[in-house]
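Listed in TrEMBL:
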- 43-63: transmembrane segment (TRANSMEM)
- 75-95: transmembrane segment (TRANSMEM)
- 115-138: transmembrane segment (TRANSMEM)
- 150-169: transmembrane segment (TRANSMEM)
- 253-274: transmembrane segment (TRANSMEM)
- 295-321: transmembrane segment (TRANSMEM)
- 341-363: transmembrane segment (TRANSMEM)
- 383-405: transmembrane segment (TRANSMEM)
- 510-531: transmembrane segment (TRANSMEM)
- 551-578: transmembrane segment (TRANSMEM)
Amino acid sequence: MGCGHKDDKASLASSQIASFRHQPHQLPSTPASKEVWKKGGRMFSILLAVHLALLACTLVSSGAFEKIAVHDYDVFFLLTVMMLIVIIWIIFYLVGTSRFPDAILCKDSHAGPIWLRGGLILFAIFSLVMDVFKIGYYSSFYSCLSAIKIIYPIVQAIFVVVQTYFLWISAKDCVHVHLNITRCGLMLTLTTNLAVWMSAVTDESVHKAHSKLKKNVTEEIFKWFLKAGMRSSSAEECNCNSQICQIFKNGYFWLYPFNIEYSLFASAMVYVMWKNVGRFIDHHSHHIHRLKFRLFRRTFFVGIVLGLIILVSGLGVLILYEVQVNSSTESSKKSQALTMYYIFNIVCLGLMSLVCIGGSVIYRFDKRDMDRHKNPTRTLDVALLMGAALGQYAISYYSIVAIVASTPRDAISALNLTYALLMIAQHTFQNIFIIEGLHRQPPKEDHKHDSHQKDLYGLTFVNINAVSLRVPDSGSTLAPSTASGTEAIHPSDLMQSLTAPKKMNWRRKFLREISMFLLLSNIILWIMPAFGARPQFDNDTELNFYGDSMWPAIVDICLPFGIFYRMHAVASLLEVYIMS
């Protein structure tokens with residue numbers, strides 16, 4: 001038996017040495033030059049993405065104003081061409097990687113987790129519904145609109161389907177063929193998604209401005225404003241009198257937030273793929289943790305119940321806010337709606353801040369090691385959390401300056417000031433909690449301890465007493481069984497093993513409760529501004545202080561980042577929940 005075991009070790013060692021000898025034939029012959037070219041290929045793809053992004057940003061921003069001779073169909077033409085090129089490249093990538101057996105030598109287990117891909121599919125479905133509504137709306141004006149207005153949503157629907165399938169099956173790939181073409185193709189895909197995102201944000205902002213302007217002024221003054229400098233969609237010149245046309249028009253504007261989030265989710269996943277091009281993963285340090293998502297196990301339901309209460313209450317506040325602010329012109333109802341909105345958010349943000357502080361304190365007592373391995377997905381998550389929070393930070397600081405510097409102070413101004421301060425605190429504490437959770441290693445299962453613990457759990461309390469009766473008063477352990485080779489069992493160790501799980505799991509349970517509460521709270525804080533509850537436009541303090549042109553521009557630029565922060569925090573908190 002011993003000789004056979006040694007022979008197995010020798011054969012295993014020889015096979016490993018042979019595999020390492022054959023490994024350099026799969027790698028490039030000059031690793032140093034490969035690393036230099038890797039940096040050069042990345043730099044070229046980054047330059048390509050920067051130039052395309054600047055071109056798209058220039059066209060989108062220029063098309064937002066009527067006086068500039070750039071129309072919305074010019075923007076749609078550029079986006080259509082970019083999406084068609086990306087579709088062709090994705091087909092080339094899928095065919096190319098399937099024909100080469102060594103195209104994908106390894107996969108990144110951290111990239112493209114199932115909850116991120118599931119969220120991508122959910123947003124893709126709503127984006128397809130939005131494209132159907134767009135096609136129905138623009139088809140009503142095919143006689144007075146450019147053909148690109150109908151072609152664009154059709155191409156966008158095809159682009160969403162192809163890209164979603166591509167990211168579902170290829171998000172974990174570490175490609176090792178056509179490296180420079182793959183890097184450029186992925187950067188083109190990322191830039192296309194960002195350009196679509198910029199166009200959607202601009203269209204939504206212009207639509208909100210038109211709707212608010214129509215509510216406050218007459219039709220003649222509204223047309224004068226359009227001629228003065230605001231962009232008017234070419235569809236505004238056509239008549240939309242039928243009921244089905246109004247349904248299509250209102251429907252696709254309500255679905256814009258889902259398309260915005262889809263573009264940002266896809267951009268994040270494509271960036272991770274770009275980082276993994278040409279990457280070799282050390283499987284000895286890159287452990288694959290197969291974690292099971294158990295929502296209703298090992299939980300006290302406190303976080304879920306409190307989160308659902310916040311979610312349902314927020315939906316009620318959103319409905320009342322929309323009815324009283326957007327459907328009524330009375331200033332008293334507007335003040336009541338703003339007061340209700342600020343009180344709800346102050347309570348919600350205050351609870352979230354306290355919970356995040358408690359979670360960070362619990363992490364101080366956590367015995368798990370920090371995960372210091374290279375992980376592009378985690379690096380991107382942290383960068384997006386920190387970067388997207390800057391948008392809400394900017395709005396809050398602008399509000400604080402306007403409220404403090406303004407002379408008339410009322411109850412709404414005090415609530416607005418408290419809301420802005422709590423928004424800054426909550427983003428800060430939540431980022432600390434999420435980043436700590438992402439850098440913790442998952443709980444490891446000690447199979448030796450588990451088997452030993454299972455043997456101990458098999459003993460009944462009668463056997464425990466019997467064991468304790470056989471142990472002398474001196475505390476000596478039981479004699480080991482030389483025939484079976486089992487370890488000696490002491491009654492104190494037995495009782496400690498039986499009570500150990502209750503002492504070890506309380507931190508994980510509290511962290512799960514905190515993660516679930518924050519997850520549900522971030523969902524409602526994403527829904528409210530994404531679907532119209534934006535007190536920044538309805539509160540007169542900031543508008544009077546910064547002016548009607550500067551303050552809406554600040555909010556239009558910064559608010560999309562704040563909305564994206566909430567959705568990305570939901571995905572990160574789900575990962576923290578599963579890792580706890």
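Cβ coordinates are placed from backbone N, Cα and C, and glycine is handled just like the others.
Model, not experiment: these values are computed from the prediction.
Ranked by the number of CB pairs under 8 Å to the transmembrane segment (75-95), the listed stretches 43-63, 341-363, 383-405, 510-531, 551-578 are led by 43-63. The list of residues near the transmembrane segment (341-363) in space but at least 6 beyond its ends in sequence, with Cβ under 8 angstroms from a Cβ of it, reads 306, 310, 313-314, 317, 321, 412, 415-416, 418-419, 422-423, 425-426, 429-430, 432-433, 436-437, 440, 507, 510-511, 514-515, 517-518, 521, 524-525, 533, 535.
If one looks beyond the transmembrane segment (253-274) by at least 6 residues along the same chain, the residues whose Cβ comes under 8 Å of a Cβ in the stretch are 45, 108, 111-112, 116-117, 119-120, 123-124, 126-127, 129-130, 133, 160, 163-164, 167, 170-171, 173, 175, 183, 186-187, 189-190, 193-194, 196-197, 200-201, 203-204, 207, 376-377, 380, 384, 530-531, 560, 563-564, 567-568. Proximity of distant same-chain residues to the transmembrane segment (43-63), defined by a Cβ-Cβ separation under 8 Å and at least 6 residues beyond the stretch ends, is recorded for 70-72, 74-75, 78-79, 82, 180, 183-184, 186-188, 190-191, 194-195, 198-199, 202, 231, 274. Only pairs six or more apart in sequence are counted, and the transmembrane segment (115-138) with the transmembrane segment (551-578) gives three or more Cβ pairs under 8 Å, enough to call it a contact.
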